[in-house]
Amino acid sequence: MAHSVKIYDTCIGCTQCVRACPTDVLEMISWDGCKANQIASAPRTEDCVGCKRCESACPTDFLSVRVYLGSETTRSMGLAY
């Protein structure tokens, strides 16, 4: 089952999510909108298994990468927005 992976503009280009993904769904692409001049991209969402390791690895408190499982959106597990 494919999942939708949303990348938000709080991405700092650290590559933690890319390295955490067991199915290589994510990759870094050039982007001038952040300090690192790169952002995570999800070109292979059909391979996403919904493990959410990318969310756990994200140092910006789940705000950069969110995995949507069907109609359910992920929750930030008690983090305030």
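Note that Cβ sites are derived from N, Cα and C of the backbone, with glycine treated the same way.
Taken from Swiss-Prot, the feature domain '4Fe-4S ferredoxin-type 1' covers 2-31. Residues annotated as [4Fe-4S] cluster 1 binding site in Swiss-Prot: Cys11, Cys14, Cys17, Cys58. Residues or ranges marked as [4Fe-4S] cluster 2 binding site in Swiss-Prot (evidence: similarity to another entry): Cys21, Cys48, Cys51, Cys54. Taken from Swiss-Prot, the feature domain '4Fe-4S ferredoxin-type 2' covers 39-68.
On the structure: features taken from Swiss-Prot.
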| residue | record | Cβ within 10 Å |
| --- | --- | --- |
| Cys11 | [4Fe-4S] cluster 1 binding site | 23 |
| Cys14 | [4Fe-4S] cluster 1 binding site | 17 |
| Cys17 | [4Fe-4S] cluster 1 binding site | 25 |
| Cys21 | [4Fe-4S] cluster 2 binding site | 23 |
| Cys48 | [4Fe-4S] cluster 2 binding site | 22 |
| Cys51 | [4Fe-4S] cluster 2 binding site | 15 |
| Cys54 | [4Fe-4S] cluster 2 binding site | 26 |
| Cys58 | [4Fe-4S] cluster 1 binding site | 23 |
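In the three-state DSSP scheme, Cys17 ([4Fe-4S] cluster 1 binding site) is classed as helix. Taking the Cα of Cys17 ([4Fe-4S] cluster 1 binding site) as the reference point, the closest of the binding-site residues Cys48, Cys51, Cys54 is Cys54. It is 11 Å from the Cα atom of Cys58 ([4Fe-4S] cluster 1 binding site) to that of Cys21 ([4Fe-4S] cluster 2 binding site). Rounded to a whole value, the Cα-Cα separation of Cys54 ([4Fe-4S] cluster 2 binding site) and Cys14 ([4Fe-4S] cluster 1 binding site) is 12 Å.
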